[in-house]
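**Q** In case it helps, TrEMBL gives these features for our protein:
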COMPBIAS  255-273  compositional bias 'Polar residues'
DOMAIN    28-486  domain 'Major facilitator superfamily (MFS) profile'
REGION    247-280  region 'Disordered'
TRANSMEM  84-107  transmembrane segment
TRANSMEM  114-136  transmembrane segment
TRANSMEM  142-170  transmembrane segment
TRANSMEM  182-201  transmembrane segment
TRANSMEM  207-228  transmembrane segment
TRANSMEM  297-318  transmembrane segment
TRANSMEM  338-355  transmembrane segment
TRANSMEM  362-379  transmembrane segment
TRANSMEM  391-416  transmembrane segment
TRANSMEM  428-450  transmembrane segment
TRANSMEM  462-482  transmembrane segment
Amino acid sequence: IPVPIPVPPTLTSPLSSSRSYRGLTLVLTFLCYTSYHLSRKPISIVKSQLHPNCSALGPNPRNDSNSSTWCSWAPFDGDNYKELFGALDNAFLVAYAIGMFISGIFGERLPLRYYLSGGMVLSGLFTALFGLGYFWDIHVLWYFIVVQVCNGLVQTTGWPAVVACVGNWFGKGKRGLIMGIWNSHTSVGNILGSLIAGAWVSSDWGLSFVVPGIIITTVGIICFFFLVEYPEDVDCSPPLHHVSVTTSEKDPEAVTSNEGPLSLSGQSSVDHSNSPKEPAEEPEAISFLGALRIPGVVEFSLCLLFAKLVSYTFLYWLPLYIVNVAHFGAKEAGDLSTLFDVGGILGGIFAGLISDYTGGRATTCCVMLVVAAPMLFLYNHVGQNGIGTSIAMLIICGALVNGPYALITTAVSADLGTHESLKGNAKALSTVTAIIDGTGSVGAALGPLLAGLISPTGWNNVFYMLIAADVLACLLLARVVVKEVRGWCGYMARKRGYVCT
């Protein structure tokens, strides 16, 4: 009787299977949040087309309309168009900020795959509806405001869900670097959104919204079918006749016995093959106040409020600033504004790498914020002196502004969501992420609104507001920075045999 040849253990290795699903989760969540930001960006590109410089287009072909605004899109054809643009941005961002505090609570209690994919499909619908206002010839402000509010609410499903998924799969070892690279989805989405919107902004600006809406809907459907939320959802355990692999706490990616991949805390599983398994008690999701009591949540949340204020002011107003100051066309200004996001990619990776190496998340953020303040001043005053200077300054400012923002919303949120005070309760990650990003979203709403109110008095005042926000963000981290510095001091003193006072 022929004896069946057993499959080599390496071909059914739970470690390789776990890594494959881990990579799939990283790619899918990257694409998901890229599409979220891709769908947010068109409004900043289309603004300059809703109220362009009509005199540059030649004589007025319609004698019954205003000679200076005949090519503008009502209701944005009046002198208060900047205030209306600010109200449009604020409708989305206020709804996003309010919804974010609620979103994390739902994210802890609903299947993340359904929650994320459903939110993406709805977001695609509302993004497309804004663009359909062009084809339906809609000229009433309330339509665009209502669409922005609805879109802001449904887009809150994204961030807590993707961070929770990534946090479930990745431990703390190189979390800053991994999430710094992964967080480039924000800038990649902004870049793609600018390029896609710019392709139709001068001809059919409605397509600048419809196409991103179709893209995010498609990615949401893919997410529904392929996203794996937890390592426990994957049967990565080896066959029973295989020899168990023992691990140490120093190897968080290893696996043991028949229990599948290790938990992210790095604790090794215990072989219970000779004893009956008892069902594990499911921990309860953490409350809102319980999440606020985690050390560092309040400080980083308030810091992100001002850091995100600066970042989102650039996100929504940079193309219009370039049009007004450098006198570029709408498409050229949109393309040039993508360099700010290129710098954001580099800043996120750099911040994650440095914070992993030093162990100082707050200190890394604080240093970058300190350097960002004078760079913002220089960009406003000399950043338009030649295309080369403008490119360099945009990349540098993007790196310094978005680096701390990326680090707080990813690695810091994941660290606090799995803080040792939680005693292994993984049900806090989505709630903590929502609190931090929700507080930051308050700043994201204030920034564009203030820019719309202040810009009529001069762009210099807008940049002074941004510099002040950067300084406040840095000061709010002072207590955490002092704690990190004392930790380094104590470590160095112990190595040298001294006591740090």
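Note: Cβ is positioned from N, Cα and C throughout, glycine not excepted.
Heads up, TrEMBL stuff is auto-annotated, nobody curated it.
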**Q** I need to check the long-range neighbours of the transmembrane segment (338-355): which residues 6 or more away from its ends have a CB within less than 8 Å of a CB in the stretch?
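**A** Answer is 175-181, 183-184, 186-188, 190-191, 194-195, 311, 314, 318, 361, 364-365, 368, 391, 394-404, 406-407, 410-411.
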**Q** Against which stretches of its own chain does the transmembrane segment (362-379) lie, if we need a Cβ under 8 Å and a gap of at least six residues from its ends?
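**A** Hits for the transmembrane segment (362-379): 296, 299-300, 303, 307, 310, 347, 351, 354-355, 393-394, 396-397, 400-401, 403-404, 407-408, 463, 466-467, 470-471, 473-474, 477-478, 480-481, 483-485.
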**Q** Would you say the transmembrane segment (84-107) and the transmembrane segment (428-450) are in contact under the rule of three or more C-beta pairs closer than 8 Å, pairs 6 or more apart in sequence?
**A** yes
**Q** For the transmembrane segment (391-416), could you work out the same-chain residues 6 or more beyond its ends whose Cβ comes under 8 Å from its Cβ atoms?
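**A** That would be 159, 163, 166-167, 170, 172, 175-176, 179-180, 182-183, 186-187, 294, 296-297, 300, 303-304, 307-308, 310-311, 314, 336-337, 339-344, 346-348, 350-352, 355, 361, 364-366, 368-369, 371-372, 375-376, 378-379, 382-383, 429, 432-433, 436-437, 440, 470, 473.
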**Q** Could you tell me the mean pLDDT the prediction assigns to the domain 'Major facilitator superfamily (MFS) profile' (28-486)?
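**A** Summing pLDDT over the domain 'Major facilitator superfamily (MFS) profile' (28-486) and dividing by its length gives 80.
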